[in-house]
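Over in TrEMBL, the protein carries these features:
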DOMAIN    11-150  domain 'EamA'
TRANSMEM  12-30  transmembrane segment
TRANSMEM  50-69  transmembrane segment
TRANSMEM  81-99  transmembrane segment
TRANSMEM  105-127  transmembrane segment
TRANSMEM  134-151  transmembrane segment
TRANSMEM  157-173  transmembrane segment
TRANSMEM  185-204  transmembrane segment
TRANSMEM  216-238  transmembrane segment
TRANSMEM  250-268  transmembrane segment
TRANSMEM  274-293  transmembrane segment
Amino acid sequence: MNTTYSTEYRRGLYCVIGCYLIWGFFPLYWLPLVGQPIDAGQLMAHRIVWASLLAIGAVACLPSARTLLAQAVKSRQTLTAFAVCSTLLAANWLLYLAAITQRQVLQASLGYFIAPLASIFCGRLFLREALRPLQIGAILLAIVGVVWLSAWGGQMPWIALGIGVSWSIYGLLRKLAPLPALPGFTLETLMLLPFALLYLGWHYRHGSLVFAQLPPLPLVIVIGSGAATMIPLLLFAAAAQRIRLTTIGILQYLSPSLQFLLGLTAFHEPFSRMQFAGYLWVWAGVALFVWGARKTKAT
């Protein structure tokens with residue numbers, strides 16, 4: 001193997017593993033906010049504000065990113081696509097933060113287990129991409145799991161479905177509207193920034209803004225949410241340039257697996273046998289999907 005290629009591959013592998021580890025342990029980052037007076041809506045608005053400031057600073061230091069962002073702003077088609085992308089991203093963040101603050105980490109993990117399978121379905125629905133038999137089987141197993149959780153697991157996993165569907169459609173649109181990670185993320189957060197500021201301003205006017213009332217550690221976590229959001233995205237972008245998408249696709253299940261374990265251990269969420277049975281159906285679908293991806297890679 002070429003030495004340069006081997007070095008770049010290792011760097012890419014380290015980047016993607018680092019990215020998925022950060023996302024996997026992300027619930028621990030937010031854990032000190034559980035029980036605090038700040039709700040998911042205000043938390044998301046702060047995340048948008050601090051991420052926007054950091055993204056603007058990063059773009060200002062990189063001429064190539066500034067050029068790409070300036071070109072994107074001049075394209076009506078790109079702006080339309082990213083307006084939809086930013087809306088889906090906001091929905092995904094809101095659902096995820098709601099899951100964390102309400103101690104529903106297991107549902108968040110289920111959503112990210114479902115997301116790749118939902119992406120396959122969206123590819124078929126919107127792009128007319130052909131489905132292989134193993135992919136069809138994986139989707140059907142996941143559907144059985146969701147139905148099982150709805151009928152016998154105690155409740156419809158709305159948060160999981162919302163996270164999975166919003167993330168899969170977001171990924172599909174980002175694929176159709178290609179823009180590198182940093183300028184793309186900057187454009188998305190800038191589109192959301194006015195709404196976030198208006199939302200926080202409304203709470204300030206009505207005396208319900210809790211930012212200044214937070215203890216020191218939760219306050220630092222809120223301010224640092226921009227960096228915590230950007231770092232794994234940049235690692236992911238660096239990895240995508242160096243290793244196969246198949247490898248990235250298989251490793252992506254590291255994040256929801258860690259989130260699942262944290263839901264049981266750090267957040268102490270109840271998990272019944274009937275819920276476990278429902279998750280088994282979804283995990284079987286994931287296993288079938290990964291096996292199919294490995295078979296495709298081998299051929």
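Using N, Cα and C of the backbone, Cβ positions are placed for all residues, glycine too.
Since the structure is predicted, the reported quantities are computational estimates derived from the model, not experimental observations.
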Contact set, same chain, for the transmembrane segment (12-30): CB under 8 Å, 6 or more residues outside the stretch: 97, 100-101, 105, 108, 221, 228, 231-233, 235-236, 238-243, 247-248, 251-252, 254-259, 262-263, 266-267
Secondary structure content of the domain 'EamA' (11-150), with strand meaning DSSP E or B: 122 helix, 0 strand, 18 coil
Folded-back contacts onto the transmembrane segment (105-127), same chain, C-beta under 8 angstroms, at least six residues removed: 27, 95-96, 99, 135, 138-139, 142, 146, 149, 157, 159-165, 167-169, 171-172, 249, 252-253, 255-257, 259-260, 262-264, 267, 269, 271, 275, 279, 282-283, 285-286, 289
Intrachain neighbours beyond the transmembrane segment (81-99), with Cβ under 8 angstroms and 6 or more residues off its ends: 30, 40-41, 43-44, 47-48, 72, 105, 107-108, 111, 159, 162-163, 166-167, 169-170, 173-174, 176-177, 179, 184, 187-189, 191-192, 195
Contact yes or no, the transmembrane segment (185-204) and the transmembrane segment (50-69), 3+ Cβ pairs under 8 Å, gap 6+: yes
The domain 'EamA' (11-150) [mean pLDDT, rounded to integer]: 91
